[in-house]
Amino acid sequence: MSDAVFDRIRSEINANPVMLYMKGDAMFPQCGFSARVVQILSHMKVPFQTANVLEDAGLRDGIKAFSNWPTIPQLYVKGELVGGCDIVTEMYQSGELESLLAEHGVVPASASASASA
Amino acid sequence: MMGLTPTGREQRLRAAIEQHFQPQSLVIEDESARHAGHAGVRESGAAGGETHYAMLVVSEAFAGLGRVQRSRLVHEALDSEFRSGLHALSLTLRTPQEAAGIR
């Protein structure tokens, strides 16, 4: 695995408090599991960034190796892997996801003064 | 791999989980048919199914571990399956104590 891919991932998960590696993008997810995580984050009005692994085979393999996690989507909060679709769904339902985001100072877009529709 | 029976993957998943986790409860569902034809399935060359599974595992082995750690243990136990076309695995991992709390 090339260092360049790991460097890219490291810089993305550090630059973006909520970073989602997925198939497709937030507007057009290409997989039901990716779509569900997008739906949850959107519903929570959390600002997040996505990277489409289908556009980059190096990234697709790279993200699995980087995190030692064999499936996509993968959600990172403040540089830490939170999990894939199952874990995100469970944590959303239990309220843990909201707590985790709040702990890390990630607030809903509606709570931000500069938010716009 | 040739010559796998239609339930070959499921049997291997079951055997690996039983060996690694001595589960109190284990439910495996083959959801491949619901995902047939989508991009990841086609390119894995596993158009015949055995790509998408959902699994409930209740085991003492998960005690004291967080969600990511529990999933990692299962991923590790099933590493060869991921390398041979297992594309998606939906996991619900509970300790017997937690499972008892589920209605």
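Using N, Cα and C of the backbone, Cβ positions are placed for all residues, glycine too.
Note that the structure is a prediction, hence the values are computed from the model and not measured.
According to TrEMBL, the features are:
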type: DOMAIN; residues: A:18-82; note: domain 'Glutaredoxin'
type: BINDING; residues: A:CYS31; note: [2Fe-2S] cluster binding site
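Taking the domain 'Glutaredoxin' (A:18-82) as a whole, pLDDT averages 96 in the prediction. For the domain 'Glutaredoxin' (A:18-82), the number of residues in each DSSP class (helix H, G, I; strand E, B; coil) is 26 helix, 18 strand, 21 coil.
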